[in-house]
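**Student:** Got a structure for you, written out below as structure tokens; questions coming shortly.
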Amino acid sequence: MNTSKQRTNYKYWVFVKTVCGKDIDLKKKECDPYCVLKMGNGQQYRTKVVMDSHQPKFDQVFRFGAITLKEKLLIQVNHFENFTRDPCIGKVQVDFSSLEQNVTHTKWYPLEGISKGEIQLQLYVHLTPKQRRSLVTHPILLQPKFQPQQFLQIKTQTLQQPKPQPKTQTQPQKQTLIKPQPKQEISQNTEIKKVENKIPLKTQTQTQTQTQTQTQTQKITEPKQITTIQKRPETQQNSQNKNPLTQKKSPVIQRQKPIYNSYTQLNNVKKSPISTRTPPKPIQRSQSQQPKPIPRTQINRPIKPKVNSSISPILTKRSLQTTTTTTTTTTNSSIQKTNNTISPKLTKNTTTSKPITTTTSTQNSNLRSTNQKKTIFPKHLQPRIIDPNLQTKMELEYVYGYRGWEGRNNLHYTYNGNIVYIAASIGVVLNLQTNTQKFFLCHTDTILCMGIHPSGRFVVTGQDGDEPLICVWDVETCKLIDSLNVEHDGGVVYATFSIDGKKIITIGGDDDHTITLISLEDNRIIDDIQGNENKSLCVDFDPNDPNRFVICGIRHIYFGNCQNGKLTLKEGELNKKSNDMFLSVMINYNGDVVTSNSKGEILIWDYSEMKIKKRFRAHVGPCVSLHNTQEGVFVSGGKDGKIKLFKSDDYTLIVTISSIVGGPIRAVDYKDGFVIVGTNKNEIWRANVRTNEAECLIFCHGEQIHGLACDPKKKLIVTGSDDRTIRSWDVLKRKFLRKKPVNGQPRSVVFSNNGAFIAVGLRDGEFIIFRASDFTQIANKKEITTGVETMSFSPDSHYLIILDGSGELHVYDSFLGFKKSKIINNVGTDVSAMDWSDSNKYVRICNLGVVSTYSIETGQVETGLEGKINWVTQKCVYAKSVKDATTIDINQSNHFIIGQNSGNIKYFNTLQSEPEIYYGHSKKIIKVSFLQNSHLVSIGGEDKCILQWKLLN
């Protein structure tokens, strides 16, 4: 049984109904189709097919007992040689629910098979995220009201021993039914996620000290038997009070607020940057009598730092007029406090079509109810909070890279003219005037998507993982405002704000493509529903109505509404034979829905009728990105590398910017006559609409990066990538210098110790020698057949050693035109570090934590030389702290730096001291290297980013 994601095993009943398809040849009357249903415990049941107007139907419904979550249910549809015209194509409907709760789920699974033989389909009992949350809150198992065997004996016929199946047919594994577990002891020191609309239970042994807030919390004792738990009505949130923050809620435990519980007040939306404000205080919740949580982990959670601030937020909407004068005035705001909880109040600017003066005012902050739901984060899903006052050895200075190979609309202008985008697990804010960057580092995994708030001041980012984290943060301070974990298995693939800035809607990468609606006013999940069976790619809110949205993807488009706390979807009208893949969507200010597809077309939809009313060809190849503006135009970007501007009212073409951005386009944004463009080569460009010119703001490699070398004489680095190029970068100016195409995929890059030459090793075994000053090729050799893994020059640049993919070390003499002089066998393939002796006669290699010394002259392993050889570097060390290192380097102060598979960088003063851990990369770090004791450079393989760190002190 697959129970990797089960916290507790629960027993539920499964209803299985099978319906055979229409594509079965019924001309021969002697046919006898039937359906075999096999349980996980080996039981088998059979039903006959009823012929009705040449459409076979299965006439019985089976009820199987004690099916646990994630248990395999094998359904076989058998037919004979009589069905020879077409394959047997049908559907299997699986309905399941618990006896104690009205939690039901229905899904159709297609059955496809060959024209003869037997068809098998393995199904997993699956619940939507909302249903899973309603189940995991119960600490004991639900008991069946009657035995399933009694029901099966009445309603079904048991098959005899089944005939032996062909070898190619997969047989279901026998699984025993899980017995009910005893009630779990509820621990006081651990927590479990509290789910919306569910009241957790307390144990009778709770002895927590009562405080002043005890009167505000309802005391609940655990009954001896489980009773039916009633849901709180959804309409309660909107009844008698339009503001959900001021209404009095029932005493249920609410979600825990993350570190920063309020938005920084937006005082100016002009281009000039506003003053930086300190983040608000963390919430210090009193220890009232709250239900004791069920233990989830034995590891204590880290203490969140305290930061002084208490500012209630105001999120303002961008003015929709073309020319406006914006003034911001702040009235006296009284911040009321109850139980150390500060609530946000989100207000919306008035909008007109004429030039007006927009005024944003801070009014008295309404307080959250003390009974608000908590958001409980598992240990691995807590956002990283970095203390700004912590004394560190280095800091992140610049990121060369952008997530352009996947995703869409992940690049935006901010309110003050900067740009914000994502790279690896970092949110990056780039100042276009100074070419400096600020970073948001709270994510724990790869960031997959980004959405911008209508004010341009705040962004939402969603990460990868089974229970991914969503963070809302301020682009001015790069501080976390709020965070929430959602049950999107496979990560958050898209996230966007509503036009009033009060809600966020997300799309999950799970099999159900779950759609989740989140409230920013009280940091909770309002509702989530199952999406289309095909992948959903993008979603957009109506700029005129914060409750309307459109979501689309592969062969589907839905027109949605989120009024009254419920998500509802209506499918748009599509041709049944249509294979349209909708890649981007936006809702125009005139109410039309605009989508783009993989054919390069732009389609205009009527929102009320949900039909296409106009379509036209815009690009050669897929049109990946659409962006709506407030200036009466919208922008499109396609795989052909072209940018096009259209009028929003009649959709006529205004201007075309030809292919000047160097690759297919993934994201576009427009402001003041300039379009910023993100390409699938992981580069960011800025194009001038008036002059049809473009400049590259962020350069990077288009594929995984494997080679890194630091110039020993200058502040330069050289990198090599699978995009078949090597590139050089100026670290001081934070600038790309030049690139050189090569006939292969570089796996290693190294400078000679005098800085005159660069050696590049390729995946096919060839290595090339370039002059460092201008990348002029000097020599090349192709004598290695298993590929180059790593290379190193001797201290006097006399020898070049190359480790190949089979673990052999090849020694080349540079004084003889890089002629091979020696081969050393059985060195190993997992080498993390190399050291040279000052005599250039010995090399020391660390392979899987084992350090060996080899003679360059004899090619043999040398022993007994400890203390007799002076090593130029000390990278190969015996220490438990570097055992899991993928790459190691040491600087002139004998400080160690290591990279790990997790993407973390560890900095050691000594190997016996506790390391400082630095975050940024999201996957395995390929190499780290010190640059003349002033900088550190690291490269990630899968995240395709180069991180430049500045050493302090």
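Cβ coordinates come from backbone N, Cα and C, glycine included.
Okay, these came from TrEMBL:
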- 1-109: domain 'C2' (DOMAIN)
- 159-184: compositional bias 'Low complexity' (COMPBIAS)
- 159-372: region 'Disordered' (REGION)
- 202-230: compositional bias 'Low complexity' (COMPBIAS)
- 235-249: compositional bias 'Polar residues' (COMPBIAS)
- 259-291: compositional bias 'Polar residues' (COMPBIAS)
- 307-321: compositional bias 'Polar residues' (COMPBIAS)
- 322-331: compositional bias 'Low complexity' (COMPBIAS)
- 332-346: compositional bias 'Polar residues' (COMPBIAS)
- 347-370: compositional bias 'Low complexity' (COMPBIAS)
- 698-739: repeat 'WD' (REPEAT)
- 918-953: repeat 'WD' (REPEAT)
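Tell me what's around each of these sites.
**Tutor:** Residues belonging to the repeat 'WD' (698-739) score a mean pLDDT of 95 in the model.
For the repeat 'WD' (918-953), the DSSP-based tally of helix, strand and coil residues reads 0 helix, 20 strand, 16 coil.
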**Student:** By a Cβ-Cβ criterion of under 8 Å, what residues six or more beyond either terminus of the repeat 'WD' (698-739) are in contact with it?
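**Tutor:** Same-chain contacts beyond the flanks: 397-398, 400-402, 405, 430, 435-436, 663, 680-684, 745-751, 753-755, 758, 760-761, 770, 772, 775, 926-927, 929-932, 934-935, 937-942, 944-946, 948.
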**Student:** Per DSSP, how many helix, strand and coil residues does the repeat 'WD' (698-739) have?
**Tutor:** 0 helix, 24 strand, 18 coil
